[in-house]
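Notes for the one structure printed next.
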Amino acid sequence: MDFLEIVGQVPLKGGVEISGAKNSALPILAATLLSQQEVKIKSLPQVVDIKAMALLLQNLGASLEWLDPNTLQICAKSLHHTEATYDLVRKMRASILVLGPLLARFKECLVSLPGGCAIGARPVDLHLKAMQQLGAEIKIEQGYIHAKAPKGLKGNDILFDKISVTGTENALMAASLAKGITRIINAAKEPEIAQLCAFLQSGGVEIEGVGSSELKIRGVESDALNLKDIQIIPDRIEAGTYLCVGAITNSQLKINRIIPNHLQAITDKLIEIGFSLDIQENSIEIYPAKQRQAFEITTKEYPGFPTDMQAQFMALATQCLGTSVIEETLFENRFMHASELQRLGASISLKTNVATISGSTELTGSDVMATDLRASSALILAALVAKGVSRVHRIYHLDRGYERLENKINALGAKVVRLKEK
């Protein structure tokens, strides 16, 4: 098992290029199961979750060829079975995304209940109800979802009681091959969903309301779905994380290959804290702040402040003047990084879903343990400003979602080394 050793308080400067968005790539990879045509997906990040999804597609019988480290050619014409086994699915929760495509195309599938980060319950009920609304029969037996629709899926209204990103994506993909018209009400509005819509539209699926909370989909036949090659959008959470690298170290950094509109909740908050930003068409440069002010954050669905950035901003809060407050409204049990930040010297108090962080704190290097993907990046941020050497353990969480993070940070001047546990 690997860990990162980080020397703190090293000056940083330069630029970093953002990788493709893991959270856009995963549903698009799953969507290739809908079609019998060959398609190329470009700008795939080389992270564990993408490799796991590619392996799952291959296990189902899809033909895969890596044309370069970030471009995958896929043809799902000759799938030989429709069972997503526990061994493959347990590694990440996003594997539930194969449920909609397999059910829609083959009228029956068996998908293991998924794994991934241990953040709250994250129930799959919303996915299952969506499939049932389209006419599927669902049973859960021995840890597997058995879904079938002998006469095929039929368009219908799907109302989500709670906004769900992956639930919306699964419903979108299933509706793409359903007969008639489907309306998804209270749909998630993330940019990653908009790109999935664009991918499905490229194959002939008619979708209205892209970017809104109500989507209207007119399905097509599988053999008529001709998906076009696509380039994955930049990862807004990775971009936000590197903006926080600049913010916590109070450095001048340029974040390249981004879509600034996707980052507005993050950049608005950084400006409120006291940073100057030069926002261009596909880059943002952050400049050192004369004084960093404490802040308040409440996580919300897009376009609100992303839950995937609250851990990084908690680390940043330790260096701001005054007391900051972060309220997590989307997931339970998502403050596990707080106790590890405390090991570095952070002053944080927790009350249910609210964290209060005292600022202007001198952090000291220590051994800390990553508990999930975004927590791992928060610990690295804190280690960059801590006095002395820190070691971040269990970075397999980090490798699920960040491409070559230590290489990118080291290119800015940091001293980060990946080592093996003894």
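For all residues, glycine too, the Cβ spot is worked out from N, Cα and C.
Here Swiss-Prot flags Cys117 as active site, proton donor.
Per Swiss-Prot, phosphoenolpyruvate binding site is recorded for Lys22, Asn23. A sphere of 10 angstroms centred on the C-beta of Lys22 (phosphoenolpyruvate binding site) encloses 26 other C-beta atoms. Lys22 (phosphoenolpyruvate binding site) falls within a helical segment according to DSSP.
The Cβ neighbour count for Asp308 (UDP-N-acetyl-alpha-D-glucosamine binding site), using a 10 Å radius over every protein chain in view, is 21. Summarising the annotation, Swiss-Prot assigns UDP-N-acetyl-alpha-D-glucosamine binding site to Arg93, Arg122, Pro123, Val124, Asp125, Leu126, Asp308, Leu330.
Sequence annotations record features per position, and here Swiss-Prot assigns 2-(S-cysteinyl)pyruvic acid O-phosphothioketal to Cys117 based on sequence analysis.
Here Asn23 (phosphoenolpyruvate binding site) is positioned 11 angstrom away from Asp308 (UDP-N-acetyl-alpha-D-glucosamine binding site), judged by their C-alpha atoms. In sequence order, Phe160, Asp161, Lys162, Ser164, Gly167 are the residues of the chain that are 6 or more apart from Leu126 (UDP-N-acetyl-alpha-D-glucosamine binding site) and have a CB within less than 8 Å of its CB.
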